[in-house]
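Taken verbatim from TrEMBL:
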type: COMPBIAS; residues: 1-16; note: compositional bias 'Basic and acidic residues'
type: REGION; residues: 1-26; note: region 'Disordered'
type: COMPBIAS; residues: 17-26; note: compositional bias 'Polar residues'
type: TRANSMEM; residues: 38-59; note: transmembrane segment
type: TRANSMEM; residues: 71-97; note: transmembrane segment
type: TRANSMEM; residues: 159-180; note: transmembrane segment
type: TRANSMEM; residues: 192-210; note: transmembrane segment
type: TRANSMEM; residues: 264-287; note: transmembrane segment
type: TRANSMEM; residues: 313-339; note: transmembrane segment
type: TRANSMEM; residues: 359-378; note: transmembrane segment
type: TRANSMEM; residues: 384-405; note: transmembrane segment
type: TRANSMEM; residues: 417-440; note: transmembrane segment
type: TRANSMEM; residues: 446-467; note: transmembrane segment
């Protein structure tokens, strides 16, 4: 019964529940069936991929990608190459997702291939590094675009950006802690706003190209600065914009006919995003030279000022909606990994509790929000993206290595989707390059902090999970009890009683 309750809670976490009675078991079954039908056709999987990937990245990363490679030609090549890498990585995840049909993304794959320690380090890193830093980057992006119209001709003060980002984190955290339904309605509206601004920029760019605005594409590889380090950092920023390519694997259990729909959604969805991203970058370069783009505080705002004036206010408004939508979506999935890790006893129990009255994973969401605010205080967007990408590609590479390992160690597992072995080998090698190249050629303290955070998880694992010393439980028990009373939360299993 606890498993059924857990699956019900996962459904809520993805914004599909609407708060019906938690006492009846029949509505639970009906709701799971309804949720499964939502993903009956691959078009829903495609929409989820496109809606999840397109967010703040395409409005923030173009400047950083260009800064690292120095010219228009390599910049557009990097964007296309990031799309190819994301597609290959997602196909590897498709084989893993149909071979091990458990939700929770990388966690169950690492558990099956390498055992509990790498799986625990993944959940630990997600909890303290990747998810909160992702949340912080998105909210900083929102703050930059929301404040840009009030400071024409100059950069907004950092204190304004950071305060606005912190306010966004607090509001999104409160909304998602109070109501899954409210968060779901907000997400639907913001997703529509996101697609509108993407369409406006692409159509404007195509019109300008048709009018002959192609001077910035002449000698497009001139003055480029190509090195292993610069390409790696450019990939970090480009791949940040593509992050979310593995999101369908977080809902494998809810997919209808995943053997057909998962690879189909990936093969159509990610190339579609790649085409959008390349066209958006081309649109930017129709009205801005490389130098002008690098000097712009908010690239899409500059584009809007030059193309859509006097209606240029539309761009920062809709970009702000888009980035808030991405941040809200991050909160939607915040509790899922915590639940899966909680099943294995790998996570603080209180973080996997849910609100009795509101049916939301309030402790997990509040925790993510608090850590994200801490990241905002010292960090800027570029540093945080490098920090996030470094951490996340360690585990992407390890997960795809798990696919190669299980080809030999778990031959008995059924593989409805079987991709050529060369694909995971290529993605694993690229992952190693992405992780090692910046450390060797352009070392930063951010990478050292990230490694220390990840390795500190080993200490936590030994004390709290492996040996299960009694003294940490004596300390955590009263804290858990007080938090339960304060937030009115209980373990998910108690909903079946």
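Note that Cβ sites are derived from N, Cα and C of the backbone, with glycine treated the same way.
Those TrEMBL annotations? Automatic predictions, nothing curated.
Comparing 159-180, 192-210, 264-287, 384-405, 446-467 for CB pairs under 8 angstroms to the transmembrane segment (417-440), the maximum falls on 384-405.
Long-range contacts of the transmembrane segment (446-467) within the same chain, counting only residues at least 6 positions beyond its ends with a Cβ under 8 Å from a Cβ of the stretch, are 116-117, 120-121, 124-125, 128-129, 345-346, 383, 386-387, 390-391, 394, 438-439. Across 159-180, 192-210, 264-287, 359-378, the stretch most heavily in contact with the transmembrane segment (71-97), judged by Cβ pairs under 8 Å, is 264-287. The stretch from 159-180, 264-287, 359-378 that makes the most Cβ contacts under 8 Å with the transmembrane segment (192-210) is 264-287.
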